[in-house]
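Trainee: Annotation comment: Swiss-Prot describes 74-94, 97-117, 121-141, 152-172, 186-206, 232-252, 262-282, 321-341, 361-381, 400-420, 421-441, 455-475 as transmembrane segment, evidence class sequence analysis.
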Amino acid sequence: MAHQWVLNAPEPPSMLRQVVDNVKETLLPHPNPNTFSYLRNQPFSKRAFALLQNLFPILASLQNYNAQKLKCDLMAGLTLAIFAIPQCMGNATLARLSPEYGLYTGIVPPLIYAMLASSREIVIGPGSVDSLLLSSMIQTLKVPIHDSSTYIQLVFTVTFFAGIFQVAFGLFRFGFLVEHLSQATIVGFLAAAAVGIGLQQLKGLFGIDNFNNKTDLFSVVKSLWTSFKNQSAWHPYNLIIGFSFLCFILFTRFLGKRNKKLMWLSHVAPLLSVIGSSAIAYKINFNELQVKDYKVAVLGPIKGGSLNPSSLHQLTFDSQVVGHLIRIGLTIAIISLTGSIAVGRSFASLKGHSIDPNREVVSLGIMNIVGSLTSCYIASGSLSRTAVNYNAGSETMVSIIVMALTVLMSLKFLTGLLYFTPKAILAAIILSAVPGLIDLNKAREIWKVDKMDFLACTGAFLGVLFASVEIGLAIGCRSRYHLRR
């Protein structure tokens, strides 16, 4: 009988069947497995709405929507946009892109994510770590980057591959790999990335035009020293403006932590800094006839006035670089997912609900694929913007939609006003976010709990700081693996 039972056992499902089942389970989740059987006997409109609710979870949250929730979401979305617009532009410059690409990335990915994701809090946009990782890894490619258009093609293609990997992770249930990525490695990586981001922003803070593209400590210090020796390479006005408004932003943040009633001031401080510094730069540069004679380095003309342009034709699959771009896309996909899921879980727990990791991963992947086709670069969950959204009283993902539409309006009507925005102020805004990436308490906890993990953390930190982002990650992951053997 036992042999007969084995012989009559059903064949395992095919790979295609497993993929189809995974897609259904990820995109059409439902707590009651009998629900869809029940809906078969219901009118078509009811079945269609149930399907749409599962495909687009935001519809379920809108069933009990009211005027009070709309008011909260409108205020949170506008507050979020005021905070996000300068940050999006600053992160774009960190990725060595024009500021408008940061604004593009603050429109399409958040709108798509708001419709598809199970999270009610995560705010999507360009992140500082992703921007640094993207620019530093593309700069290591041994292919000629003739001009900015070639670089942009590489950026969009990497974003496309990152989205493909993220969707695959979600559909094939590989989300657990991201969740179990060593926390020690991530802590060390983020701390070193924060130092790298800070060092790179010295370029904008001092108004230096010619600066080393590498992110390791030795290269950046050497570039700074060369610029300082050449007095004409920088102007003290840039440092004065950048440092003054950096202190202002940090001071408002301090006030917000001390007094919750003043939290709003820290949210609007970046935009106030952009407005104030732009007025100062306009006054200082007013009498100069040519941009090269400006004493304060400014952004100059920013392309705007329209929706995100299509970038499908800018994807490149050249056999010389496509393998390298796939590798970069995989690395960035994992790093951005790790941060996004951590942010989502943290804020979901504060509101007493959970998120579906695999659905989040698929949603992030879809938005990055679509983003790569609409002039966006890699987008992920932002801790600082999610915190602003939470503290501003957001009720649903409608606040994210309000933010994205506000960014769109600013791109369409206000880009001309950003001409005199100092580069130093964008550097100051990014620098103000750097301390949040360095978690000394977590590093201390890792040291107390597991010395081997702390060595992996240290290896990742030193590797990123003195070599490159990619080498640092490899050292952190491999050292932890070998130390555990």
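Each residue, glycine too, has its Cβ placed from N, Cα and C.
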Trainee: Please report, as numbers and ranges, the same-chain residues at least 6 past the borders of the transmembrane segment (121-141) whose CB is under 8 Å from any CB of it.
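Mentor: Same-chain contacts beyond the ends: 80, 84, 87-88, 90-92, 94-96, 102, 105-106, 109-110, 113-114, 151, 154-155, 158, 190, 193, 196-197, 200, 213-215, 321, 324, 328, 331-332, 335-336, 339-340, 343-344, 347-348, 351, 360, 364, 367, 377-382, 385-386, 388-390, 394, 400, 403, 430, 433-434, 437, 468-470.
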Trainee: Sequence-remote contacts (6 or more beyond its ends) of the transmembrane segment (74-94), Cβ cut-off under 8 Å?
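Mentor: Sequence-distant neighbours of the transmembrane segment (74-94): 100-103, 105-106, 123, 125-128, 131-132, 135, 197, 200-201, 204, 264, 267-268, 270-271, 273-274, 299, 377, 382, 384-385, 388-389, 392-395, 398-403, 405-407, 410, 418, 421, 423, 425-427, 429-430, 433.
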Trainee: Go through the chain and flag residues at least 6 beyond the ends of the transmembrane segment (232-252) whose CB is under 8 A from any CB in it; none is fine as an answer.
Mentor: 204-210, 262, 265-266, 269-270, 272-273, 276-277, 280-281, 284, 295-297, 422-425, 427-429, 431-432
Trainee: Under an 8 Å Cβ to Cβ limit, what residues of the same chain, 6 or more beyond the ends of the transmembrane segment (361-381), are close to it?
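Mentor: Result: 26-27, 92, 95, 97, 101, 104-105, 107-110, 112-113, 116-118, 122-127, 130-131, 134, 155-160, 162-171, 175, 178, 308-312, 315, 332-333, 336-337, 339-341, 343-344.
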Trainee: Short question: most Cβ pairs under 8 Å with the transmembrane segment (321-341), which of 97-117, 400-420, 421-441, 455-475?
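Mentor: When the Cβ pairs under 8 Å are tallied, 455-475 comes out ahead.
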Trainee: Considering only Cβ pairs under 8 Å, which range in 97-117, 186-206, 262-282 makes the most contacts with the transmembrane segment (152-172)?
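Mentor: The stretch with the most contacts is 97-117.
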Trainee: Go through the chain and flag residues at least 6 beyond the ends of the transmembrane segment (97-117) whose CB is under 8 A from any CB in it; none is fine as an answer.
Mentor: 55-58, 84-85, 88-91, 123-126, 148, 152, 155, 299, 302-304, 308, 355, 359-360, 362-364, 366-368, 370-371, 374-379, 397-398, 400-401, 403-404, 407-408, 410-411, 415, 418, 426
Trainee: Suppose I define contact as three or more CB-CB distances under 8 A, residues 6 or more apart in sequence; do the transmembrane segment (400-420) and the transmembrane segment (455-475) meet it?
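Mentor: Taking Cβ pairs at least 6 residues apart, the transmembrane segment (455-475) and the transmembrane segment (400-420) are not in contact, as fewer than 3 fall under 8 Å.
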